[in-house]
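As structure tokens, the structure follows; a few thoughts come after it.
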Amino acid sequence: MQQARNDAGKGPRRLSVLSGLWPFLRPYRVRIALAFVLLCVASGTILLVPLAFRDLIDFGFGAQSREAAGQGLLGALSLNGHFVALFGLAFLWALAVAMRYYTVSWVGERATADLRNAVYARVLSQSPQFFETLQTGEVLSRLTGDTTLIQTVVGSSISMGLRSLFQFIGGMIMLAVTSFYLFSLNLVLMVLLVLPIMVIGRKVRRLSRESQDRIADTSALAGEILNAMPTVQACTQEQEEARRYSDRTETSFVTAIRRTRVRAALTALIITAVMGTIIFVLWIGARQVHDGLMTGGELASFVLYAALVAGGVGTMAEVWGDVMRAAGATERLLDLLHAESAIREQDEPQQPAPAAQVGIRLDHVVFAYPGRPQVRALDDISLDIRPGERVALVGPSGAGKTSLFQLLLRYYDVTGGSVLINGQDIRQLSLHDLRKDIAIVPQDPVIFSANALENIRYGRMDATDEEVMQAARAALVDEFIGRLPEGYQTFLGERGTRLSGGQRQRIAIARAILKHARLLLLDEATSALDAESEILVQQGLNAAMEGRTTLIIAHRLATVQKVDRIVVMEGGRVVETGTPEDLRKQGGLYSRLAALQLDL
Ligand SMILES: Nc1ncnc2c1ncn2[C@@H]1O[C@H](COP(=O)(O)OP(=O)(O)OP(=O)(O)O)[C@@H](O)[C@H]1O
């Protein structure tokens, strides 16, 4: 993934990556075919328009109109008839363009929505290891920015490009047919002019990429700072941050203006080149008309075809830039879409054993985080936890307690040994079955931007309002919910910023109680509560632990005096196990910690 990200920013994009979009377009192939037919109709119609003009001039106004009646595209039509036919062509063209626009945009929107959903679902199935190397901001920018780019290309650029290609090829053929002499002249001039335009065009592309990178820098800075506002204000860095931001916007302004300057020059050059060519050819053509070598109508249609060809070339150049950018965007999205989770599920997972309670067995478990493979976070841990047992994990910070929880939830796989639940290796179970059976109250609970009721219901989506409130009462949530303006319906704000740490913890406890899982993991579940609430919440937790196997990580030993067993960890190893009383008598690490905490 890291490698792919590094590659994404450099070198010419491989256009073949665009074929990766086909699975998202295939379901809509009938509509795509319809759009193609409409495109052909529109292009055909527009190529007929100059011919209609030619006839109008030669047979409609001209002196020879009467004798020549019966020739030309529109045959023997009267002057009025010519105009009606011309309008008919314009209307057919408009209709085809509108229908194609609708169809193609529909396919673009639909395919991008599908792609976005597929990528998002894929990202959600990744293990935490994935998010260690990829920033969430980057995933978001891929989901929005990159998919929008693809939408532009699928929903408009490609059809614009094809239309221009038809226009170009058809126009060139018609130019040659109308006057081969003028066509050859035109061709030589075009080749001479296209070269400098291409060189400048490349410079514009480089500058616009640079300009986009600068804008991304600005948003990255703003994103980081806005997320850290309390710290910024506590350190009184607001002015400094405003200055840093304005420095970056200034840089992106300067880059944008540099690009605009080159682009303005390019526009002037293109207009001069196109108009110059047309005027030059008109001049030569006018002399030919004067000498009777071609008719006025032929000259008029020639000029119109030349304008179509020039327009076609211009659009194709623009579309080419979009297609290249979309190739880059597709590559980045497909990277995400094809990312394999580090945690692999069995093709045919076992069903979890249908026992009322779960027993856990850690068998010589060794574990090192993938980001730090040389350091063992857990080093040869063997532990048996009986069904229904309450076990506390204690030990200094960094001992590996949380890592043990991560392994039980299978956020990571063990490096050696195995984790068994009711005798089954957890790698044999599906992740869904495994995690459905575990309720966790994490150190730093997450609150979603929804109301209190929905936040608790997240533990078990099919719970009734009454069940949710019961869990809330057990976790003492109702004690503070009652004081919120709209009770359970109160919106808890972005990331729960409207709640205190202790309140957030109680919501998480209610969520865990509601889940009714057979295994309960408490990671410092009451650390943010005051002494009084802690005693009350502990009662709620006691109710939740009833009949459940429970693992409790605790720094404050007072909270785990009633557990069945304490496991003391240090440096990734289990150094002591036993009841609180036994351990105090042993005079080891636990008794030292207990002496510091409990006897003071
Ligand atoms: N994602 C990670 N990548 C690499 N190393 C990690 C990662 N998470 C934790 N560690 C390391 O693993 C070791 C064990 O961490 P762990 O979080 O399990 O400790 P802990 O006992 O729960 O500590 P605390 O009581 O402070 O929560 C620590 O040295 C830590 O630095």
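Note: Cβ is positioned from N, Cα and C throughout, glycine not excepted.
The following features are taken from TrEMBL:
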type     : residues : note
DOMAIN   : 33-325   : domain 'ABC transmembrane type-1'
DOMAIN   : 360-596  : domain 'ABC transporter'
TRANSMEM : 32-53    : transmembrane segment
TRANSMEM : 73-96    : transmembrane segment
TRANSMEM : 168-201  : transmembrane segment
TRANSMEM : 264-284  : transmembrane segment
TRANSMEM : 299-320  : transmembrane segment
With contact taken as 3 or more Cβ pairs under 8 angstroms (pairs 6 or more apart in sequence), are the transmembrane segment (264-284) and the transmembrane segment (32-53) in contact?
no
Short question: which residues 6 or more past the ends of the transmembrane segment (299-320) have a Cβ under 8 Å from it?
46-47, 49-51, 53-54, 57, 157-158, 160-161, 163-165, 167-168, 170-172, 174-175, 178-179, 182, 186, 190, 194, 197-198, 201, 270, 274, 277-278, 281-282, 285-286, 288-289
Restricting attention to the domain 'ABC transporter' (360-596), give the mean pLDDT.
87
